[in-house]
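Q: I grabbed these lines from TrEMBL:
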- 32-285: domain 'Thiolase N-terminal' (DOMAIN)
- CYS117: active site, acyl-thioester intermediate (ACT_SITE)
- 294-414: domain 'Thiolase C-terminal' (DOMAIN)
- HIS372: active site, proton acceptor (ACT_SITE)
- CYS402: active site, proton acceptor (ACT_SITE)
Amino acid sequence: MASSRLQQIQTHLAPNASAQKTKVGVKSPEDVVVVSALRTAITKGRKGGFKDMLPEDILSAVLKATLEKTKLDPKLVDDICVGNVAAPGGLATASRMAALHAGFPDTTSLNTTNRQCSSGLQACVQIATAIQSGLIEIGIGAGVESMTQNYFSRNITTSKKLAGESQAAADCLIPMGITSENVASEWNISRLTQDEFSTLSHTKAIAAQKAGYFKDEIVPVTATIVDKDGNEKTIVVDQDEGMREGTSPQTLSKLKPAFKADGTTTAGNASQVSDGAAAVLLMKRKTAHKLGLPILGKYVTSAVVGVPPKVMGIGPAFAIPVAVERAGLKIDDVDIFELNEAFASQAVYTVQKCNIPIEKVNPKGGAIALGHPLGCTGARQVATLFPELKRQNKKIGCTTMCIGSGMGMAAIWERE
């Protein structure tokens, strides 16, 4: 059973206290700090404001905005890491094009990374770790996804031999929606509970948008859209498109299950197909001071764990405790959890398993309302977290998500 396997995982992943390097509540010149965290609006896949843009176009916009907002000399940026999931070739060449187009010189190196839904966070952690180790001084962790352009056209080939000889390997190929159904079934998470959680996501996101709470994180992007008659129109994309007014458990209950005839996962209680990009500028505290740049907060630590692939959505419930302990904290010490809502089933499981007060979870809504551009989300959450910590006058935040094929990732951040 998955529960016994998870007990083994918890024991195996018990964190090593000696690995802790950055202390919460203590400022050091060597801290890796965030001086800018920006994102584009998140638009609807195949019909939103970015539907006719390539991912590198969206990425270039947020990279350029980072330079414009900080007034940083682009020559000082040593490396950029971009998270992406669906684009052919990992978007490596196209991301390099985006950086050069945004104004970075050819001396600024770039790479892309794919840890599926945590790719944007993995990019941030990779850059933070390179700074900590002295390999670079300044870097950007970014993420981008055009699910419109790349998600539905993917052609993924995997080994029939591996799947035939290993059930665990075969489980990696289970459709994500079915893994959501597995979580709901194994831990008795009802359709009503999922729909209530989803309604709350929309309610919070709508309220946040109306109150202007996203304005400090979203950068306007000029886009050209093509209508059904082939006519082009230039628009400015500066608001998330996924929120639905009037969402309620009653309206969601009318939706049919999307993956199993007798299932509980629907289009209304799962994350939306979306397009977007985000970028997080990182450097040591002493570097930020030398350059006179404002500090939003610091990166503390992170953790990635493995869980059974057939219930991949439970990953955050096991990554969060490891990351929190590595930071020298308890779960109760965390003020805000930016928990990716891949599916309501797995988000509810995480909240219940970690005993997190619901008011601490996604106070501005999550992926069910905002959308989940796969490679972007991990960086987007950082851009969403820091303004909300400031607004609430709180200090500690956690960004976390499940990962396809059976993993979870979490990172701890502290507001300045």
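Backbone N, Cα and C define each Cβ position, glycine as well.
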Q: Could you measure between CYS402 (active site, proton acceptor) and CYS117 (active site, acyl-thioester intermediate) for me? Cα positions, answer in whole angstrom.
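A: One finds 7 Å between the Cα atoms of these residues.
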Q: Select one residue from CYS117, CYS402: among these active-site residues, choose the one with the most other Cβ atoms within 10 Å of its Cβ.
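A: Neighbour-count leader: CYS402.
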Q: Return the count of C-beta atoms lying within 10 angstroms of the C-beta of HIS372 (active site, proton acceptor), excluding that atom itself.
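A: A count of 27.
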Q: Do me a favour and check the Cα-Cα span between HIS372 (active site, proton acceptor) and the residue listed as 'active site, acyl-thioester intermediate'; whole Å is fine.
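A: The residue listed as 'active site, acyl-thioester intermediate' has its Cα 9 Å from the Cα of HIS372 (active site, proton acceptor).
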Q: DSSP says what for the domain 'Thiolase C-terminal' (294-414): how many helix, strand, coil residues?
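A: In the domain 'Thiolase C-terminal' (294-414), the DSSP-based counts are 55 helix, 32 strand, 34 coil.
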